[in-house]
Amino acid sequence: MIDYKDYLNNYKSLIILLISIIILNIIIFNEANFKSSFFIFTVIYTTISGIISLYYYEKTKNIEQTVFLIIILFGLLCVFLSPINSVSDEGEHFMRSEITSHGDFFPKYITQNNKNGFMSIDSLAHMPMDKTFLETDSWNSQPINTTPHLVNSAFEQNPFYVYLAQAIGINLAKLLNLNQISMLWAGRLFNLLLYASFTFIAIKKTPILKVPMAVVATFPLAIVQAASFSSDSFIFSFSFIVIAYLLYMYKAKEGSLTKKEIGIFTILVIILGFSKVTLGGFALLILIVPKSNFKNPKDKYLGFLSIFIILITLIIWAKFYAVGSISHSWRASLFTQKNVNANNQIKYLLSDINGLITFLKIGNQIPVQINALSKLYTNYDNFPLFNIIYALFFIVFSIFYQLEDKIKRNTRIITAFTLLIIIFGTYLVQYLTWAPVGAKDLIESGVVPRYFLPVFVLIPFIINYKNSKIKNSEILIITCIVIFLCSMFTFMAGIIY
């Protein structure tokens, strides 16, 4: 039974939610929006989902269960209403998932009739792009056509396990003889379930930073990616698991850790690094684990061996598999047109001071990344007001939310250094493999906010104000999460439908 104080808090949260939705609708009001039945549906659906989420947290006070519920409720909206092949590279992820669905974990790059590519099925070869299911009935209603068909790209460089969930959905659709749109929805749904499940496990496992992890996991961009065929669903959620395991080691009892925990952490980071090599930088975080937490204090120094093993493994993976595989796609011709060449780019950086100057201006990318926070779909507009408000919210939250533990200065420094390595490494890798040789602006590297999303979890770990007095603010944070999701998805419904 909820006491008066709890009831009042719940009441306030719902009032804040409803007022925010009313203000949002005034801001984005136009006649076309309010004539759209799907816009009205989205307003009603997100409002009800928000109320359910807030009520559930008030009843249970369980953050991981509430986050799982939020991801599923709002993710389902994206599963069915996100335009086909509108999330970045979703079509190519779809093709790799389909190839994985018949057990081909390492796609074969072949030549057929003087054309190069990978063998998938006819249904995907004729898939529409940036169209809603209302605009593609001729494709939607057709039965799945499994006739072999050569496709030019299939993310050969990615490990197969980031597509297993989507492949299960595809196989289920094939088994039930569903139509083509159902195959798309099934793959998206299983990817969403993977994301929600891994996130639940991570938040449950971590002894601290549960709320920061919840905030990042429910960011609209993360949920849209999770509810598509994108491999980011695995990358984001598995990153949370890596961080959770590291924090478990960090907060372990004195004398309780052994070589086994170091081995498990090493394997987890390698698995993550194969899917996003720059996130291998998380290996450095093992240095924040106190020596006293190990049964044998000397085992602490095995952390350096762990970092070395991870580094060497990922370098070998990138050099002998991933980098070469990138050219087995539409990117090869684009790179030729744009004069993209990693070797020549390295020579430029080593011989021209302008290359160093370009990277010294990396701070100029902050407003660029903030302006892209609401860029959920490749060819649709973003929501500038959302970008500003969310950035301010996250900064205030990171500084003033009261963490469960006082963070030592050395721990903050190591964590900050790790995040800088990951951020700089991401720009460097993209600059080498995507920007034209001699590019003077890092914006040409094609870096987008989702590349950094997992590291946002650790920002409060670095900049949190140790004397913050804000306590028991979880319900306020959950309310903010729901408001941002309602506002973002309502805006997108308005411009898409």
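Counting begins at 1 with the first residue displayed.
Placed from the backbone N, Cα and C atoms, the Cβ positions cover glycine too.
Here is what TrEMBL says about this protein:
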TRANSMEM  12-30  transmembrane segment
TRANSMEM  36-57  transmembrane segment
TRANSMEM  66-84  transmembrane segment
TRANSMEM  185-203  transmembrane segment
TRANSMEM  234-250  transmembrane segment
TRANSMEM  262-289  transmembrane segment
TRANSMEM  301-322  transmembrane segment
TRANSMEM  383-401  transmembrane segment
TRANSMEM  413-434  transmembrane segment
TRANSMEM  446-463  transmembrane segment
TRANSMEM  475-496  transmembrane segment
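Between the transmembrane segment (446-463) and the transmembrane segment (185-203), fewer than three CB pairs separated by 6 or more residues in sequence fall under 8 Å, so the two stretches do not touch. When each of 185-203, 262-289, 301-322 is checked for Cβ pairs under 8 Å to the transmembrane segment (413-434), 262-289 comes out on top. In this chain, the transmembrane segment (475-496) touches the transmembrane segment (383-401); three or more CB pairs sit within less than 8 A of each other, excluding pairs fewer than 6 residues apart. When the stretches 66-84, 185-203, 234-250 are ranked by Cβ pairs under 8 Å to the transmembrane segment (475-496), first place goes to 66-84. Within its own chain, the transmembrane segment (66-84) is flanked in space by residues 38, 42, 45-46, 49, 52-53, 56-57, 60, 90, 127-133, 136, 139, 181, 184-185, 188-189, 192-193, 195-197, 199-200, 203, 214, 217-218, 220, 223-224, 226-228, 377, 380, 478, 481-482, 485, 489, 493, 496-497, which lie at least six positions past its ends and keep a Cβ under 8 Å from the stretch.
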